[in-house]
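*Asks:* For reference, TrEMBL lists these features for the protein:
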DOMAIN    47-76  domain '4Fe-4S ferredoxin-type'
BINDING   Cys56, Cys59, Cys62, Cys105  [4Fe-4S] cluster 1 binding site
BINDING   Cys66, Cys95, Cys98, Cys101  [4Fe-4S] cluster 2 binding site
DOMAIN    86-115  domain '4Fe-4S ferredoxin-type'
Amino acid sequence: MALRLRDVVLAKELIRGLGVTLRHLFQKPVTLQYPTERREPHERFRGLVRWDREKCAACVLCEHYCPVKAIDIVTGEGEQGEKVVLHYQIDASHCMLCGFCVEICPVNALSHSPYYELAVYDLEDTIYAQEKMAGEPPITRYR
């Protein structure tokens, strides 16, 4: 008797599971074939940090508030005695994309970009100096 009840319950659950499988068989797949198909990031996505040299006031708040010290800024004096940025770089291998630097910037010189393909083969390529931050970061293709 107990064996028969167990078989009935097992058969019922098996049929229910196959029903779920058959229902999903005819739906459009949700998986993207990644290297050939890329997903558009959400508008609030926190990608690699962008720096706008024209807006930057050289206040060094972003370097000070970065919890992992991924930002390195060297400032100096300009021609009229104002503070200017001589060197600016972000180490993406340390950056945890928290957004503290973007939030604290008083002149909105920092923003998050939509770039999420940050994998590289050489660790040196994770350091984004001011020249490298001007355009889109290069996408590392798989070997």
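Every residue, even glycine, has its Cβ placed from backbone N, Cα and C.
Small disclaimer: the values here were computed from a predicted structure and weren't measured.
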*Asks:* Excluding near sequence neighbours, so keeping only residues 6 or more apart in the same chain, what lies with its CB under 8 A of Cys56 ([4Fe-4S] cluster 1 binding site)?
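*Replies:* Non-local contacts for Cys56 ([4Fe-4S] cluster 1 binding site): Val85, Tyr88, Val107, Ala109.
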*Asks:* Same chain only, sequence gap of 6 or more: which residues have a CB within under 8 Å of the CB of Cys105 ([4Fe-4S] cluster 1 binding site)?
*Replies:* Leu61, Cys62
*Asks:* What's the CA-CA gap between Cys95 ([4Fe-4S] cluster 2 binding site) and Cys59 ([4Fe-4S] cluster 1 binding site) in angstrom, rounded?
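*Replies:* A Cα-Cα distance of 20 Å.
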*Asks:* Cys59 ([4Fe-4S] cluster 1 binding site) to Cys66 ([4Fe-4S] cluster 2 binding site): how many Å between their Cα atoms?
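*Replies:* The Cα atom of Cys59 ([4Fe-4S] cluster 1 binding site) is 14 Å away from the Cα atom of Cys66 ([4Fe-4S] cluster 2 binding site).
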*Asks:* Applying a 10 Å Cβ distance cut-off over all chains shown, what neighbour count does Cys66 ([4Fe-4S] cluster 2 binding site) have?
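*Replies:* By my count, 21.
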*Asks:* Let me check the 10 A CB neighbour count of Cys59 ([4Fe-4S] cluster 1 binding site). How many other CB atoms are there?
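*Replies:* For Cys59 ([4Fe-4S] cluster 1 binding site), the count of other Cβ atoms within 10 Å is 17.
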*Asks:* I'd like the number of other C-beta atoms within 10 A of the C-beta of Cys62 ([4Fe-4S] cluster 1 binding site), please.
*Replies:* 23
*Asks:* If you count, for each of the binding-site residues Cys95, Cys98, Cys101, the other Cβ atoms lying within 10 Å of its Cβ, which residue has the minimum?
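*Replies:* It is Cys98 that, of the binding-site residues Cys95, Cys98, Cys101, has the fewest other Cβ atoms within 10 Å.
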*Asks:* Quick check: with Cys56, Cys59, Cys62, Cys105 left out, which same-chain residues have Cβ atoms within 8 Å of the centroid of the [4Fe-4S] cluster 1 site Cβ atoms?
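*Replies:* These residues sit around the [4Fe-4S] cluster 1 site: Ala57, Ala58, Val60, Leu61, Cys101, Ile104, Pro106, Val107, Ala109, Leu110.
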